[in-house]
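Report on the structure given below.
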Ligand code: ASP
């Protein structure tokens, strides 16, 4: 392609003839003058076709919104009284010399220039590649990139390394329902997609990495409930030789700096973040992710708080006990003996800490049980039989018998944090290719049927 000038850089080319390339944002026909607003990934600019450039004028007349074109033109400064101060290229205009159509566009099924809030979400998700052209979503994903980059740098500067963990893993009774992937090579057996990298990150601590993080995709096959996605992104981290205070302090610092550097117009209500116990949160707010904002009308107020001292166990629906957060958590120091003796079960508190923001849980973690005996006790309290514990978690118990350091970590719900920072009502607005509440990808039409041959290969027979 001819040397292309990015639209955001046009101000450096006043008086020159340049070539820009992008999409026709809008065409306004004033008879003699045809205005073409051009858009590329870096911004917008107004171009004008004058009748004296006959060929260019005719070509501009043919253009329609969303066509992809290359425009050669002269960058003219606008006369003083025509300058639009608040716009990126408000001080200039392009006088079109020639137009080259790179690709035409059908009339788009949805308007891509407005904020899209008045368009039905199904059609937005079906034509997501068009929906993503709108400035609001472009901005959401660009801020997301900025934040991810900030976190990567912050953690790298603090001695963390980023490690990927597998997507094809083992099904374990760990909380939610697993997404299963049938094995072709071992028919009748299944992988599970990870609900979180919890076990792998702990095993990385056993392996001696000491400080790990990852932007991890987590898959949970849950029923439609509120603003959930079957797959979502966590900022996941784990640290060795730390206690609860260390993990909380580091994460608090990261959250504060992240807001200050990437969303400076936001105001954090209180630093250090206030803390309350689970019992206090339930008593004073009736939930464990309290909205402590002093002014709920202020869209730029961020009220972070920590909730600690959760009960380790709760009564399970089917009777017996289940964990409230994470079976791998350690009990609080003063309750470790109760855990080992399997007594006062209801009163055992965990080292779990959750961070809430404006009424949403945006992260949670704990110090872990690195003692294999204590971990076994957790599963025994929940009524797991010895052979089941071995089959499901034997690899963890084995690993912990080879010199596991004390460790702990946390995971943030990155999508939720992004939605709050962008004042978006749901996480679909900050995920590039989101699914519907029913877990459908309307653009790809997934889930979908597969061929009978594929099923045969997997040894699967569908019962209708
Ligand atoms: N793996 C946990 C979760 O997904 C977070 C953690 O404890 O680090 O909720």
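Each Cβ is built from the backbone N, Cα and C atoms, and glycine gets one as well.
No curator has checked TrEMBL annotations; they are predicted automatically.
As annotated by TrEMBL, L-aspartate binding site applies to 174, 220, 325, 368. In three-state terms derived from DSSP, residue 368 (L-aspartate binding site) belongs to an extended strand segment. Listed in sequence order, the residues of the same chain lying 6 or more apart from residue 368 (L-aspartate binding site) and placing their CB within less than 8 Å of its CB are 202, 328, 329, 330, 406, 407, 408, 409.
What TrEMBL lists as ATP binding site is 220, 221, 222, 229, 361, 413, 414, 415, 416. Residue 222 (ATP binding site): 13 other CB atoms within 10 A of its CB, across all protein chains.
Averaged across the domain 'Aminoacyl-transfer RNA synthetases class-II family profile' (141-447), the predicted model reaches a pLDDT of 96. If you look up TrEMBL, you'll see 141-447 marked as domain 'Aminoacyl-transfer RNA synthetases class-II family profile'.
Residues or ranges marked as region 'Aspartate' by TrEMBL: 198-201. Beyond the ends of the region 'Aspartate' (198-201), by six or more residues, the same chain brings 165-166, 169, 172, 174, 212, 214, 236-238, 326, 328, 395-396, 409 to within a C-beta distance below 8 angstroms of the stretch.
Cβ neighbours within 10 Å of residue 30 (site 'Important for tRNA non-discrimination'), excluding its own Cβ and spanning all shown chains: 8. The site 'Important for tRNA non-discrimination' annotation in TrEMBL covers 30.
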Worksheet item: Between residue 414 (ATP binding site) and residue 220 (L-aspartate binding site), how far is it from one CA atom to the other, in Å?
Response: 16
Item to complete: Measure from the Cα of residue 325 (L-aspartate binding site) to the Cα of every one of the recorded positions 30, 222, 361, 416, then give the nearest.
Response: 361
Worksheet, complete the sentence: The correct three-state DSSP answer for residue 414 (ATP binding site) is helix
Response to the item:
Listed in sequence order, the residues of the same chain lying six or more positions from residue 220 (L-aspartate binding site) whose CB sits under 8 Å from its CB are 175, 176, 177, 178, 179, 195, 230
Worksheet item: Of the binding-site residues 222, 361, 416, which one sits closest to residue 30 (site 'Important for tRNA non-discrimination') when you measure Cα to Cα?
Response: 416
Worksheet item: What counts of helix, strand and coil residues does DSSP assign across the region 'Aspartate' (198-201)?
Response: 4 helix, 0 strand, 0 coil
Worksheet item: Considering all pairs of residues in 220, 221, 222, 229, 361, 413, 414, 415, 416, annotated in the record as contacting ATP, what is the maximal C-alpha distance expressed in whole angstrom?
Response: 20
